[in-house]
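Chemist: Take a look at the following structure, please.
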Amino acid sequence: MNANPKFLSADARVDAAAVAPLPNSRKVYVTGSQPDIRVPMREITQADTPTSFGGEKNPPIYVYDTSGPYTDPDAKIDIRAGLPALRQRWIDARGDTETLSGLTSDYGRERAADPATAELRFPGLHRHPRRAKAGKNVTQMHYARQGIITPEMEYIAIRENQRRAEYLESLKASGPNGAKLAAMMGRQHAGQAFGAAAFGANAPAEITPEFVRDEVARGRAIIPANINHPETEPMIIGRNFLVKINANIGNSAVTSSIGEEVDKMTWAIRWGGDTVMDLSTGKHIHETREWIIRNSPVPIGTVPIYQALEKVNGKAEDLTWEIFRDTLIEQAEQGVDYFTIHAGVRLQYVPLTANRMTGIVSRGGSIMAKWCLAHHKESFLYEHFEEICEIMKAYDVSFSLGDGLRPGSIYDANDEAQLGELKTLGELTQIAWKHDVQVMIEGPGHVPMQLIKENMDLQLDWCKEAPFYTLGPLTTDIAPGYDHITSGIGAAMIGWFGTAMLCYVTPKEHLGLPNKDDVKEGIITYKLAAHAADLAKGHPGAQVRDNALSKARFEFRWQDQFNLGLDPDKAREFHDETLPKDSAKVAHFCSMCGPHFCSMKITQDVREFAAQQGVSENDALKKGMEVKAVEFVKSGSEIYHRQ
């Protein structure tokens, strides 16, 4: 795809690379209590254990799948029509929304009537936007606080469990050693939670719809699901659930197009992006967002102040509450699931950034700081926060309360400006919760490792356990081009301490707009960080995939090693650089150690020797050492021998 209007309107096609199933994988669905609750997962087929290792059956592994219908061969993908409205029946059945006659935002109507944008517009939307009926609240938090378990909550419970119980049962039924195998493959190290992060961290062995409801009701988790984005597959963000990751996409004034951004979205979700933020600041922001939302099975977030700034030609001092309010309604009617709103950037905090090394690095934060200084007034976002809540609950848009004063260098970490804003975000959370509006809190930024836990502990305390959503944090500032790694270190740590969602950083951070390859690199890095955090927390079932891959590695099932990994393509590519032949896929060594120094091959030889001698492995090792000792003495007890 590209930015050519005729091409977009007439010939837009999905990226072929995003629709092919991953190797040895297929889409499966688990049905809930009603037929239209069909929860997708990715089933990874495994080969049987070779007879030389015992000849066991290895049943499929089920993993969390964010790719939506794109990797389902039975689905018809037409990005000009968009995805099926998965949640529409559930929304209709609640009877608390009304269909509007058309768009109600001034800007939305203006764009719809502009002939210059006609060929750019998404052509497949034939339904009108919805809004809560007068006096109604349509948020998932409101339903949860009424004791209601919505279809979205049941869907999430099934999704979070990843068919773990069925997998262990299939192991038990795999043969005479099934029970032992199930115990081995289900084994998991105990996690560790400590300090403030331990408070309220209590994921049960099995996630139930009731548990989902209770966590949402308490504000400890959110379900971002705008009623105008029925295409989204329900997911949850909370520290008692799997750690999630977000991928940022979006055009700029100098690069990218609508088509490239849609491709980035489908690419990001293929590799595991749980949500996507459209941070477009260039041309056609409204149209770009429509294409993305209509084709996205994951929640979409935005920073509305970016588009509001475009409406006043980039002059922050010309922004008004009325322009911003119209932008919120415009985006809510399109279906944006969560808004980053920098309402914590208050006039009193701006001078606190004067002595920083890197000042204010948040785009949204700098916009609001400039407005506050230009007018010497309190931020209109802060002053009108109650009115913003009224808009949010009419569409079920979640808050992502922005950290506009986050540190942009480790020099500035945990300073007075950052922590002052965090306290304000805690106060705003309480206001939003009075309206039953869902909230998560955005966090830094650049923070050295020894200061990361303080961020988490203060957030849990001041923000009353609302989910934390952090950008990294980056743990050092010396590696431009490698900031996916500097931040991945901090992301794994803060995820362990209790952060619910990690915002990815790509290798292009601080350097340029990421392309598709950068998006994938960032996603894989952050999937790794999130998974490491799940393991450290002892999240139920987190170790199942590790155990399966380790078993495949020990049994030299190379294809299973590749396919069980986060990036099968790269694993296979690296292996084949030195051992490309098919015969190498069954070899009992790789190019790292070769056939004579493979530690796993040596272990297998010990086991075979023990079986032949009818002794234990320890006895076999002892006996082998005794034989070698005799040989050493007979050879003259010389450590080194001349050849």
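Each residue, glycine too, has its Cβ placed from N, Cα and C.
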Chemist: Among H229, H342, H384, which residue does Swiss-Prot annotate as binding substrate at the site that also has N248, M277, Y306, S362, R363, G364, D403, G404, L405, R406, E442, Y469?
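Modeler: Answer, per Swiss-Prot (substrate site with N248, M277, Y306, S362, R363, G364, D403, G404, L405, R406, E442, Y469), from H229, H342, H384: H342.
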Chemist: For the binding-site residues G364, G404, which Cβ has the most other Cβ atoms within 10 Å, all shown protein chains included?
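Modeler: Checking each of G364, G404, the winner is G404.
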Chemist: Should G364 (substrate binding site) be counted as helix, strand, or coil on the basis of DSSP?
Modeler: helix
Chemist: DSSP three-state call for Y469 (substrate binding site): helix, strand or coil?
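Modeler: Strand, per DSSP.
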Chemist: State which of the following binding-site residues has the fewest other Cβ atoms within 10 Å around its Cβ: R406, H446, H510.
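Modeler: H510, out of the binding-site residues R406, H446, H510, has the fewest neighbouring Cβ atoms within 10 Å.
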Chemist: If you pair up every Cα among N248, M277, Y306, H342, S362, R363, G364, D403, G404, L405, R406, E442, Y469, the residues annotated as binding substrate, what's the maximum separation in angstrom, rounded to an integer?
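Modeler: So the binding residues stretch over 20 Å, Cα to Cα.
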Chemist: How many whole Å apart are the CA atoms of R406 (substrate binding site) and H510 (Zn(2+) binding site)?
Modeler: 15
